[in-house]
Amino acid sequence: MGKEKSHINVVVIGHVDSGKSTTTGHLIYKCGGIDKRTIEKFEKEAAELGKGSFKYAWVLDKLKAERERGITIDIALWKFETPKYQVTVIDAPGHRDFIKNMITGTSQADCAILIIAGGVGEFEAGISKDGQTREHALLAFTLGVRQLIVAVNKMDSVKWDESRFQEIVKETSNFIKKVGYNPKTVPFVPISGWNGDNMIEATTNAPWYKGWEKETKAGVVKGKTLLEAIDAIEQPSRPTDKPLRLPLQDVYKIGGIGTVPVGRVETGVIKPGMVVTFAPAGVTTEVKSVEMHHEQLEQGVPGDNVGFNVKNVSVKEIRRGNVCGDAKNDPPKGCASFNATVIVLNHPGQISAGYSPVLDCHTAHIACRFDELLEKNDRRSGKKLEDHPKFLKSGDAALVKFVPSKPMCVEAFSEYPPLGRFAVRDMRQTVAVGVIKSVDKTEKAAKVTKAAQKAAKK
């Protein structure tokens, strides 16, 4: 095996019928983590049900069905490899909680793959005014996913017609430009997810197709297939050099060991012997040990899901939604209020000051009040349209002051991205998304454990 390949996360977006499942299924199937036995089992079932030609989507449907029934599928199934990367597919949308997942996301996507159906009439439906495609693309951009690949699918259904492909590239370029992407940095790849054309091997059906190209800081990059486009994603920098931020997913009490908080390192590193602070709880203590998958670690780095043992802290003092950080290096704090840019996605009425829905930010799930609507902005340029609007409706973007109903720890998106984006949930759906601009932090009278005092003297 040699050196481990770098990990990247991609999110696959597009209209319901664009062929996302088939395309993703195909990649996972051909380059991926599904073992042969499982594939053979699925193929046999598919054939028995007369769904043989459907096998890629069928593979994905099986995985989805198992996931929806609450059987957690080995996440390896959602992985595939390119020459350079190990790629994890973050939740394919269509899933009801997709937007929430993408924001509170267990992982931030490094790149979005937008699948567009090339079929006659289909393309137009996917990109129409109310299209999901627009919402997903806007969301990806708003949440800081800056790299995009466009795959024009179902090219077989238009007989690999060059003029159709060019027309779609032109329309889609305009569309993504409005969202905020620069089309020159985006590869446009014609594919057939169904037949597997131009996914992994270059297609022979389109003599006119010379390949895709995109501009990067390092110059122009070229390729032919979708796999090559994924392999050409620019390596994201992982924020190990920032101060530690680790939102807690759970806190366990383990006999003979004590209190063990669990969560994903978002920025910085966590090591045994470190003195950490939990916010907004205001508890400071020493980390005794750090482990992942039942193995002791010398340090946990961004992306690692770790459990760590802390001294002199009871399970009652810290909880899910708290954030752990280095007590000596920009420790996390609670907040009295924060200002955020909010985009209203779908709210049936009007939102005015006083509205108090639940915000999902990292692992915290807390009701927050829209305290003041400060200004209404143009969604694309961010330019101010009016001061102190009376209300907001679907499609509006605004700067809003929020006041949490309970102590909460959040950060500015510019400093700690994973702790600076949130979903606004109401009526069992995501009504808005937000990006935090500034935070009014509070100092809480802190509890410093004996272990922390001892460690500080060392």
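Cβ from N, Cα, C; glycine included.
Reduced to three states, the DSSP call for T22 (GTP binding site) is helix. Marked as GTP binding site by Swiss-Prot on the basis of experimental evidence: S21, T22, N153, K154, D156, S192, G193, W194.
The 10 Å shell around the Cβ of K224 (ubiquitin cross-link) contains 18 further Cβ atoms across the protein chains shown. Taken from Swiss-Prot, the feature ubiquitin cross-link covers K224 (among others), and the record attributes it to a large-scale study or a structure entry.
The secondary structure of K242 (ubiquitin cross-link), as reduced to three states from DSSP, is coil rather than helix or strand. Swiss-Prot lists K242 (among others) with the feature ubiquitin cross-link.
DSSP assigns K253 (ubiquitin cross-link) to a strand in the three-state reduction. Annotated ubiquitin cross-link per Swiss-Prot: K253 (among others), in sequence order, evidence recorded as a large-scale study or a structure entry.
A C-beta separation below 8 Å, combined with a sequence spacing of at least six in one chain, links K271 (ubiquitin cross-link) to V287, V290, E298, Q299, G300. Taken from Swiss-Prot, the feature ubiquitin cross-link applies to K271 (among others).
Its Cβ taken as reference, K393 (ubiquitin cross-link) is surrounded by 12 other Cβ atoms within 10 Å in the chains shown. For K393 (among others), the entry in Swiss-Prot reads ubiquitin cross-link, with the evidence type a large-scale study or a structure entry.
The Cβ neighbour count for K437 (ubiquitin cross-link), using a 10 Å radius and every protein chain shown, is 16. Marked as ubiquitin cross-link by Swiss-Prot: K437 (among others).
Confidence over the domain 'tr-type G' (5-240), given as mean pLDDT on the 0 to 100 scale, stands at 77. What Swiss-Prot records for 5-240 is domain 'tr-type G', and it gives sequence analysis as the kind of evidence.
Feature annotation from Swiss-Prot assigns N,N,N-trimethylglycine to G2.
Marked as N6,N6-dimethyllysine by Swiss-Prot on the basis of experimental evidence: K3 (among others).
Marked as N6-methyllysine by Swiss-Prot: K3 (among others).
As annotated by Swiss-Prot, phosphoserine applies to S18 (among others).
DSSP assigns K79 (N6,N6,N6-trimethyllysine) to a strand. Swiss-Prot lists K79 with the feature N6,N6,N6-trimethyllysine.
Swiss-Prot lists T259 (among others) with the feature phosphothreonine, giving a large-scale study or a structure entry as the kind of evidence. In sequence order, V251, Y252, K253, N309, V310, V313, S314, V315, I318 are the residues near T259 (phosphothreonine), counting only same-chain partners six or more apart with C-beta under 8 A.
Residues annotated as phosphoserine in Swiss-Prot: S289 (among others). The Cβ of S289 (phosphoserine) lies under 8 Å from the Cβ of P272, Q296, F308, N309, each of these being in the same chain and 6 or more residues away along the sequence. DSSP assigns S289 (phosphoserine) to a strand in the three-state reduction.
Using a 10 Å radius centred on the Cβ of K316 (N6,N6-dimethyllysine) and all shown protein chains, the other Cβ atoms total 9. Positions annotated as N6,N6-dimethyllysine by Swiss-Prot, on the basis of experimental evidence: K316 (among others).
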- Item | Position of peak Cβ density within 10 Å, selected from the recorded positions N153, S414, T430 | N153
- Counts by DSSP class (helix H/G/I, strand E/B, coil) across the region 'G4' (153-156): 2 helix, 1 strand, 1 coil
- Helix, strand or coil at W194 (GTP binding site) [DSSP, three-state]: coil
